[in-house]
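Take a look at the structure set out below.
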Amino acid sequence: MKHAIDQRWEQQPWGKRPASAGRSLVAAHALQAGLPGMSGRRDPLRLSRMALSMAAALGVGLTMPAARAGNVFNCAGAGQSGWFSAIAGSGNGAWTNGVSGGGADSCNGGTGITIQENNGTGGVGAGQAYVWVGQTGYNAAGSVTLYGPSGINLQGTTSLNGNKITKLQQGVLSASSTDAVNGAQLYQTNQNVAALAASLSSSQTHFVSIDGDAQQGNYGSNGASGYHAIAIGPNALAGGKQAVALGDGANAGNEASVAIGRAASASGFNQGVAIGASNTTDGGVKPADPKQGGGLVAIGQQNTARSLNNDPFSGGGIVALGQGNTAQGQGAVAIGHANMATAAGAIAVGDTAMAMQAGGIALGVNARAARANDVALGAGSVTSAPNPFAGIVLGGVTYGFAGGNPASVVSVGAPGAERQITNVAAGQLSGNSTDAVNGSQLYAAMRAINTLSTSTQTSIVNLTNQVGSLSTGLSVTNGNVSTLSSSLSTTNNNVATLSTTVQKLGNTTAAVADMRGDGSDKPAVTPGSNSAAIGARSNDDGRSNVVSVGNATQQRQITNVAAGTEPTDAVNVDQLNQGMRQGVSQANRYTDQRIDAVSQSLHDLARGAYGGIAAALAMPNLTPSGPGRTVVAVGMANYKSGNAAAVSATYRSENSRWLVNAGFATTNSGDRGVRAQLGYEW
C-alpha cells in the first residue's frame with residue numbers, strides 16, 4: 001500500500017491550525033473536510049466524508065449538517081447502529097443516526113468500528129476508501145486498517161509510537177522523490193554498501209586522511225597531521241606543513257616534502273621528494289635547524305638521498321635516481337643501479353659506481369673515484385694517487401713542466417685494463433701548456449728527434465773518423481820524430497868522418513830515402529807503398545800512402561801541431577775540442593727545439609681534451625614534459641683549464657613516441673662540436 005506523506009500544514013491558506021485540531025489523523029482529515037473556524041474553506045479532497053465519519057465515531061464534535069455520501073458503523077452494538085449519509089444525486093445528504101446499516105457485511109460478527117466510503121449498506125465497494133478499527137468483518141482484533149485506492153494524505157507530524165508499517169509498496173527512488181521506501185529497498189541498499197565496503201577494504205584504497213580544514217569528514221586514518229597536509233594509503237603519514245604522503249607506509253615528515261610509494265620516506269629536509277617503493281630522503285639534521293638545505297630527491301626503488309651525518313652545513317640538492325642508489329652530501333648525485341655518491345658534489349652514474357670523496361666523479365659499471373676531485377671514466381676504471389713530475393734533466397740541464405704537481409687524476413681504465421683515448425684534438429705546445437697531445441703531435445716530435453739523432457750520429461761518426469785519422473797521423477809523426485832524433489844523433493856522430501866516408505854516406509842516404517830498414521831499431525815501410533815511417537820501430541803496417549810514427553803496439557803523440565786549414569790538413573786537439581763542442585751545442589739546440597715542440601703539442605692536446613670534457617658536461621639533455629612540446633636549454637661547464645658553453649633543443653612528437661634532440665657546444669680553445677639524437681619509445 002503506497003503512502004503519500006505531505007507535511008505542508010503550515011503552508012495551508014488558513015494559517016495556523018486550531019488547538020482543538022491537535023496532530024491526530026482524525027483531526028487532520030476533519031479539518032480537510034471543512035470544520036467551523038476555517039473561514040468556510042473546503043478542500044475538495046477525496047476522503048472528506050471518511051474524515052467526517054471517523055471524527056464523529058471518535059467523539060469529535062460535528063456541527064455541519066451534511067456531507068457527501070458515506071457511513072460510520074459501530075459493529076459492537078446489537079443493532080450495529082451508526083451514522084450514515086446517503087444521496088441520490090449531486091449535492092449533500094443529511095447525516096442520520098439510525099440502524100439502517102444493520103447486517104452490513106463490514107460488521108459481520110465484529111466488535112470494532114468501520115468508516116467507509118459506501119452507500120447505506122455498509123459494504124466495501126471497489127475503488128472506495130475505508131478505515132477499520134478493531135475486529136470487523138474484515139479486520140482482526142487490535143489492528144487498524146486504512147485503505148485509500150487513490151492514496152492516503154497525512155499532514156502534520158505523525159507518530160507511530162515505535163510500531164512498524166507493514167506491506168509498504170516500494171517507493172520511487174529519484175532525486176525529487178518524496179516516497180517512503182520499504183525494507184526490501186533498504187536491504188538492497190545495505191547489500192550494495194556492504195559489497196562496496198568489502199571491495200574498498202580489499203583494495204586498501206579507503207585510507208584517506210586530509211587536514212581538518214577540509215569541509216567533510218575523511219574515511220580511514222588520521223595520518224595527515226601537518227597544516228594542509230595530505231596522506232593517502234594505509235599507515236601513510238604527512239607530518240610536515242603542506243606535505244604529501246601517498247602509499248602504504250609513506251612518510252612525508254617535513255614542510256612541502258613529498259613521499260609517493262610503499263614505505264617511501266621524505267624527512268629531515270624541507271621540500272624533499274621520495275618517489276617509489278622504499279625510497280628515502282633524510283636531512284640528517286634537526287628540522288628546526290635554519291642552516292639545513294632542501295630539495296632532496298629520491299626516485300625509483302630503494303634509493304637514499306641524505307645529507308652528511310651530523311653536518312648542519314651539508315646542504316641539499318641531493319639526487320638519487322634508479323634502484324638501490326645512495327647519494328649523501330650537498331649536491332651529490334647517484335643515478336642508475338646500486339651507485340654510491342657519498343660526499344659533497346660527488347657523482348656516481350652507472351651500475352655499482354662509487355665516488356667516495358668530495359667532487360669525485362665515477363661514470364660506468366663498477367667505476368671507482370677514490371680521491372677528492374678524481375674522475376673515473378668507463379666500466380671498471382679506478383683512480384689512484386697522482387704522480388708529481390716537476391721536470392726532466394737532459395744533458396745536465398733541468399727542464400721544468402707546467403702542471404707538474406697534479407691535485408687529482410682522471411682515469412679511463414685500470415691496471416691490466418687500459419684504454420686508448422681517441423679523437424683527441426692537438427694540444428697547445430708552449431712552455432706553460434697543460435694540454436694533452438695526440439699521437440700525430442708525438443709522431444712529428446719523434447720524427448724530428450730521429451732526424452736529429454741520425455744527423456748527429458753521422459756527424460759524430462765523421463768526427464770520429466777524422467780523430468782516428470789524426471791519431472794515426474800523430475802516431476806516425478811521433479815515430480818519425482824519434483827516428484829523426486836517432487838519425488840526427490848518428491849524423492852528428494858521423495859528421496867528423498863525412499869527408500872520408502862519402503861513398504858510405506851515399507849508401508846510407510840511399511837507405512834513408514828508400515826506408516828499407518828491418519824494423520827492429522829503425523823505420524820500415526812496404527816497398528812501393530809510397531808510405532813514410534818516422535821513429536824507431538815505426539812501420540806502415542802494409543798500408544800505402546800513409547805516414548806512421550809508431551807501430552801496432554807502440555804509438556806516439558805528435559805535438560805542437562798547427563791548426564789545419566785545408567780539408568786534408570791534420571787537426572790538433574784544440575781544433576777537435578772546438579768541433580766537438582760546436583757539434584754537441586748544435587745537437588742540444590736542435591733537441592731543445594724538438595722537445596719544446598713536443599711539449600707544445602702535449603699542451604695543445606691537453607687543452608683540447610679538457611675543453612672537450614667541459615663541452616660534454618655542458619651539453620644539456622632535458623626532456624619535454626608532454627607530447628608536442630619543445631625544450632630549449634643552455635649549459636656551461638668547466639673542467640680544469642677547459643671551459644665550454646652549449647645549447648640544445650629537444651622535441652617530443654605528438655604521439656609521445658619520438659624524441660629529437662640537437663645541440664651545439666664551443667670551448668675556450670675555439671673548438672666546436674655538434675650533436676644530433678633521435679629516439680623512439682615504446
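Numbers here mean position along the shown chain, with the first residue as 1.
For all residues, glycine too, the Cβ spot is worked out from N, Cα and C.
The annotation region 'Disordered' is assigned in TrEMBL to 1-21 (among others).
Annotation source TrEMBL lists domain 'Trimeric autotransporter adhesin YadA-like stalk' at 170-202 (among others). Averaged across the domain 'Trimeric autotransporter adhesin YadA-like stalk' (170-202), pLDDT for the predicted model comes to 86.
For 224-250 (among others), the entry in TrEMBL reads domain 'Trimeric autotransporter adhesin YadA-like head'.
What TrEMBL lists as domain 'Trimeric autotransporter adhesin YadA-like head' is 327-351 (among others). Packing against the domain 'Trimeric autotransporter adhesin YadA-like head' (327-351) from elsewhere in the chain are residues 293, 298, 303-308, 313-321, 357-367, 369, 372, 379: each is 6 or more residues past its ends and has a CB under 8 Å from a CB in it.
Positions annotated as domain 'Trimeric autotransporter adhesin YadA-like head' by TrEMBL: 359-381 (among others). Tertiary proximity for the domain 'Trimeric autotransporter adhesin YadA-like head' (359-381) is limited to same-chain residues at least six positions away from its ends with a CB under 8 Å from its CB atoms, namely 339, 341, 343-353, 407-414, 417, 419.
Residues annotated as domain 'Trimeric autotransporter adhesin YadA-like stalk' in TrEMBL: 420-462 (among others).
Per TrEMBL, region 'Disordered' is recorded for 516-543 (among others).
As annotated by TrEMBL, domain 'Trimeric autotransporter adhesin YadA-like stalk' applies to 557-593 (among others).
For 624-682, the entry in TrEMBL reads domain 'Trimeric autotransporter adhesin YadA-like C-terminal membrane anchor'.
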